[in-house]
Amino acid sequence: MKLFGLIGEKLGHSLSPEIHNKVFKDNNIDGLYNLFSVKKDFENNIVESLKCLGVRGANVTIPYKEKVMNQLDIISHEAKAIGAVNTILIKDGKSYGYNTDYYGFGKMLERAKVDIEGNSFFVLGAGGAARSILKYLEDSKAKKIVLVSRDKEKVFKKFKDFNINFMSYGELEEIHEEFALINTTPCGMYPNTNSVAVSEKVIKKFKVALDIVYNPLETKFLKMAKDNGLKTVDGLFMLVGQGVKAEEIWNGIKVDKSTEENIYEELKCRF
C-alpha cells in the first residue's frame, strides 16, 4: 500500500481525503491518505519524517508551505517563482516540491472556459493565495495583470518579481470596463459570509468574477456579480484541481476529467 497525506497545523475539516480517495478508487491505486498534524516545534523535520514513515507523497498547507522549501532536494519552476510548495513527492530517496495550486487555478479557468491570453485580470488580495494565481496568469500570457491591495508600496516590494501592475482599492473604483475580477481574500468565507472586498460599483465594470473561496460555494461577491450579469466561477474546482494534479505527480498517471467532475459534484453537495 502507498502512503500519502496532508501536512498542516490544524486539519480537522479538510476535504483532501475525499478527493484523494476518489482518485485512488477510480485508478485502482492501493493508497491510504492520512492527515498529519505537525506542531511548529517539529517544522524543520517534516521531509525527514515523511521519509522515515515511508510516505510517497504529501500535500502541505498553512503554515508550512514556505518553511518546507529548504528541506527539499529539488523544487519545480513554478513553486520557486511562487515561493511556496504545497505538494511533496518522495522518490528514490530524493524529495521534490511542487505548487499544484498553480495548476488547480488553471483547471478552474479551463473548466469555466475563461480565456486568459489577451485579456485583463484584476486580483484582489496580496496574500499567499494570490502568488500562484499571478504566476499562472503571467505564464498564460494575460494582456494585463493588476494586483489590488490596501498598501501598494508594501505589496510592490513583496511582488516585485512579477510582471504586473499595482493598484489601491480606491484607484479600482475609478477604472473603466475590464475583463475579469478575482477574489483571493478571505472576504465572504464562512462564517463571515456577509463580507465582500469591493463595492457593487466596481463589480459592474467586469465581465467575469472568480472567487477562490468555496465555503459558501456562492459568496456574496459572486452573488452580486451574478445579479449584475457577470459570468461567475466558484473556488471549489481549484481545490479539486490541485488535489488531482498532486495525484498525477505522485503516481505518474493522467486522471480522467470524469473523475474530477464527479469529485466536484460530490463535494458541491456539502455547501
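Every residue, even glycine, has its Cβ placed from backbone N, Cα and C.
Summarising the annotation, Swiss-Prot assigns shikimate binding site to Ser14, Leu15, Ser16, Thr61, Asn86, Asp101, Tyr214. For Lys65, the entry in Swiss-Prot reads active site, proton acceptor. The NADP(+) binding site annotation in Swiss-Prot covers Gly125, Ala126, Gly127, Gly128, Ala129, Ile212, Gly235 and is backed by sequence analysis.
Positions of Swiss-Prot features highlighted on the structure.
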residue: Ser14; record: shikimate binding site; contacts (Cβ under 8 Å, 6+ apart): Leu6, Gly8, Leu35, Thr61
residue: Ser16; record: shikimate binding site; contacts (Cβ under 8 Å, 6+ apart): Leu6, Tyr33, Leu35, Asn59, Gly243
residue: Lys65; record: active site, proton acceptor; contacts (Cβ under 8 Å, 6+ apart): Ala84, Val85, Asn86, Gly128
residue: Asp101; record: shikimate binding site; contacts (Cβ under 8 Å, 6+ apart): Ile82, Ala84, Asn86, Ala129, Ser132, Ile133, Met238, Gln242
residue: Gly127; record: NADP(+) binding site; contacts (Cβ under 8 Å, 6+ apart): Thr184, Thr185
residue: Tyr214; record: shikimate binding site; contacts (Cβ under 8 Å, 6+ apart): Asp234, Gly235, Leu236, Met238, Leu239, Phe271
Pairwise Cα distance for Ala126 (NADP(+) binding site)/Leu15 (shikimate binding site) [Å, integer]: 25
Beyond the site residues Ser14, Leu15, Ser16, Thr61, Asn86, Asp101, Tyr214: chain residues whose C-beta lies within 8 Å of the centroid, for shikimate: Leu6, Asn59, Leu239, Gln242, Gly243
Rounded inter-Cα distance in Å - Leu15 (shikimate binding site), Gly125 (NADP(+) binding site): 24
Other CB atoms, at most 10 A from the CB of Thr61 (shikimate binding site): 15
Taking residues Gly125, Ala126, Gly127, Gly128, Ala129, Ile212, Gly235, which bind NADP(+) in the record, the widest Cα spacing (Å, whole number): 17
Gly125, Gly128, Gly235 as binding-site residues, winner by CB count within 10 A: Gly235
Ala126 (NADP(+) binding site), number of other Cβ atoms within 10 Å: 23
Largest tally of Cβ atoms lying within 10 Å of a Cβ, found at which of the binding-site residues Leu15, Ala129, Ile212: Ile212
All-chain count of other Cβ atoms within 10 Å of Asn86 (shikimate binding site): 29
